[in-house]
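Participant: Handing you this structure, nothing more for now.
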Amino acid sequence: MNLMLCCTPLQVLIARKIIELHPNEQFFGVMFGGVWDKKRTLYASKLAEVCSDSMNIDTGKDLKGFDFLKLMRQLKNKITHKGFDKVFLANLNSLWLQTYLSHVSFKELYTFDDGSDNIFPHPNLLREPGTFKYKLIKAFIGDKYSVNKLFKKIKKHYTVYPNYKNIVSNIEPISLWDNQIDCEIDGEVSFFIGQPLLNTKEENISLIKKLKDQIPFDYYFPHPAEDYRVDGVNYVESELIFEDYVFKHLSNKKIIIYTFFSSVAFNLLSHPNVEIRFIRTSIPRWQFCYDSFPDLGLTIYKEI
């Protein structure tokens, strides 16, 4: 049996495609999460659909300090399957995933993309604190792994960004959609993909109003963290992530996506019916996100 570890709805979408590539193998799926809203619950069920067995693990969003560490320490008591042939995961630096793997055995390790972080220089998913306090925490929760130890075990990486250099050299491309797209296009629709880039609700609302005045999008697809709405903006309220929303409801439309630098844009960049228009924000702390655009062959549609 193989082990599939997921932390986000996008990872479930990718995981399902990977599982399709192994039709004669059984999978045990685990969905981690601190906020179990309708979207996460839906995608946990989507993971369970393609696995012979599965479980969900609540990572305790509201727990802090020692209570949080105790919850992680108790993870070993929830593990029901101990031995696996192959393990698949995206988040090498997750303490939860590292601790889970510390209490099971496996023969081979495979990874897959955690959004566009895999193709940018100095990705967060390879970062791990080296402090004494962090080492004490790992010892307390029973985590025997590190990013470096796991990275050295990677046999292959599955990527939805085959045209870009990945942090893992041995890659196998996968597609999130049916490559035989031949629907007749009937109209055009545009979206702005929400990203709360500022610290306060008021600042983010002001940014959306500014976008509305300067960018001609039809609909706004909110980020899960955006628990506010702006009058006059046409929001898409869906339990699906945007990629799935496109595949299920807009297969016969040309889609224009406006975005700052959302992973959604990179996930759909090569889709034949999708046009990506990157918007450069003037917010100082996010300028580094645009530094790699020339190397990635990306251009800015508009600056605001």
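Backbone N, Cα and C atoms are what each Cβ position is placed from, and that goes for glycine too.
Feature list, courtesy of Swiss-Prot:
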ACT_SITE  H223  active site, proton donor
BINDING   F221, P222, H223, P224, A225, F242, E243, S262, S263  CMP-N-acetyl-beta-neuraminate binding site
Participant: I want to verify one value. Collapsing DSSP to three states, which class is S263 (CMP-N-acetyl-beta-neuraminate binding site)?
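Facilitator: It is helical.
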Participant: Record lists F221, P222, H223, P224, A225, F242, E243, S262, S263 as binding CMP-N-acetyl-beta-neuraminate; longest Cα-Cα distance in Å?
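Facilitator: Max Cα-Cα spread across the CMP-N-acetyl-beta-neuraminate binders: 18 Å.
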Participant: For the C-alpha pair, I'd like the distance in angstrom between the residue listed as 'active site, proton donor' and E243 (CMP-N-acetyl-beta-neuraminate binding site), rounded off.
Facilitator: 13
Participant: Taking the Cβ of E243 (CMP-N-acetyl-beta-neuraminate binding site) as the reference point, list residues of the same chain whose Cβ is under 8 angstroms away and which are at least six residues distant in sequence.
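Facilitator: The list for E243 (CMP-N-acetyl-beta-neuraminate binding site) reads L10, L13, L176, V264, N267, L268, given in order along the sequence.
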Participant: Within 10 Å of the Cβ of the residue listed as 'active site, proton donor', how many other Cβ atoms are there?
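Facilitator: Around the residue listed as 'active site, proton donor', other Cβ atoms within 10 Å: 15.
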Participant: If you run the three-state DSSP split on E243 (CMP-N-acetyl-beta-neuraminate binding site), which class comes out?
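Facilitator: Helix, per DSSP.
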Participant: With H, G and I counted as helix, E and B as strand and the rest as coil, say where DSSP puts A225 (CMP-N-acetyl-beta-neuraminate binding site).
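Facilitator: SS state of A225 (CMP-N-acetyl-beta-neuraminate binding site) = coil.
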Participant: Count the other Cβ atoms sitting within 10 Å of the Cβ of F221 (CMP-N-acetyl-beta-neuraminate binding site), across every protein chain shown.
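Facilitator: A 10 Å sphere around the Cβ of F221 (CMP-N-acetyl-beta-neuraminate binding site) contains 23 other Cβ atoms.
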Participant: Inside 10 Å of the Cβ of S263 (CMP-N-acetyl-beta-neuraminate binding site), count up the other Cβ atoms and send me the figure.
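Facilitator: Taking every protein chain into account, the count is 22.
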